Amino acid sequence: MPKATTSTFRVQPTSAAQRPNKKNGESSSSASAAGGAARNHLFDTARFGQHILTNPLVAQGIVDKANLKPTDIVLEVGPGTGNLTVRILAACRKVVAVEMDPRMAAEVQKRVLGKPEQKKLEVMIGDFVKADLPYFDVCISNTPYQISSPLVFKLLSHRPIPHCAVLMFQREFALRLVASAGSKLWGRLAANVQLYARVEHIMKVGKGNFRPPPQVESSVVRIMPRDPPPPVKFEEFDGLNRVIFSRMNKTVRANFKAKGVAELIERNYKTWCAENGVIIEDGFDIREKIDTILLDSGYADNRAAKMDVDDLLKLLAAFNVEGM
């Protein structure tokens, strides 16, 4: 799996002195880019693509779907003002909340100040995508929209493998995650994620349940990583998918004839031959080699839009056998 970029990431106390003042002349375009129909006047949620979940029934429903145990450590990404956090704390041993905005982090800590739950809450301030994550059993997130894809793949590459993740996304992104081969939304994202996890759609959440309300509807999905993960190099599987999903309704053979594809495969193949002491014969033609592999595999005239994860793995295996 791809490794997320990491950097030093400190757990900081969130005192009032640490809260940055709102800058004058802050661009209003950031709010529209985040999809908010209205600004949150207490916190600059638009800056981080966050929409605060305000419906307590929805918040409790998300926690219930995680099937938490009293011994679980939960990672929460983007806790906002803590509406989910306080419900998670009631059901588990510890919550590690990763929040980009120091003011929101302070608000979360206020929610449990002086209560028994205070000792169960750890707040990390900074960029989740760059963070070195601690151990956790379950991840729950009302996900800031702009980190949806990085969040999913960072969770799938985390070790030890978590039990599950219950994540809220924009509905279109959520439906792309759970799409099946042959459906309109099937694509590289779904194939890559479903190789490493089972994914199910568990809840629709209307835009009126947030402040500020986003411009699109949301959905909650549950991701259950496969443990142990399949013995497949993600870079190779994704590389194959980049080729054949570039034009999903074209045949696999046609996609491999696209500009630059054969040249890239040939460079990689020559590197593999050099590392493994394989001599390349005179007159070797990479295009003929690719065509032979595709014909022998039986997938030359298939289309990516109809190929499921098992089909993709078989095609990858056919190339791997030939050192590609």
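Each residue, glycine too, has its Cβ placed from N, Cα and C.
All TrEMBL annotations are machine predictions without curation.
TrEMBL lists H51, L53, G78, E99, D127, N142 with the feature S-adenosyl-L-methionine binding site.
Per TrEMBL, compositional bias 'Polar residues' is recorded for 1-18.
For 27-36, the entry in TrEMBL reads compositional bias 'Low complexity'.
The feature domain 'Ribosomal RNA adenine methylase transferase N-terminal' is assigned by TrEMBL to 58-227.
Per TrEMBL, region 'Disordered' is recorded for 1-36.
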(request) For the domain 'Ribosomal RNA adenine methylase transferase N-terminal' (58-227), provide the mean pLDDT of the predicted model. (result) 97
(message) Can you check which residue among the binding-site residues E99, D127 has the largest number of Cβ atoms within 10 Å of its own?
(response) E99
(message) I'd like the Cβ neighbour count for L53 (S-adenosyl-L-methionine binding site), meaning other Cβ atoms within 10 Å of its Cβ, all protein chains included.
(response) 21
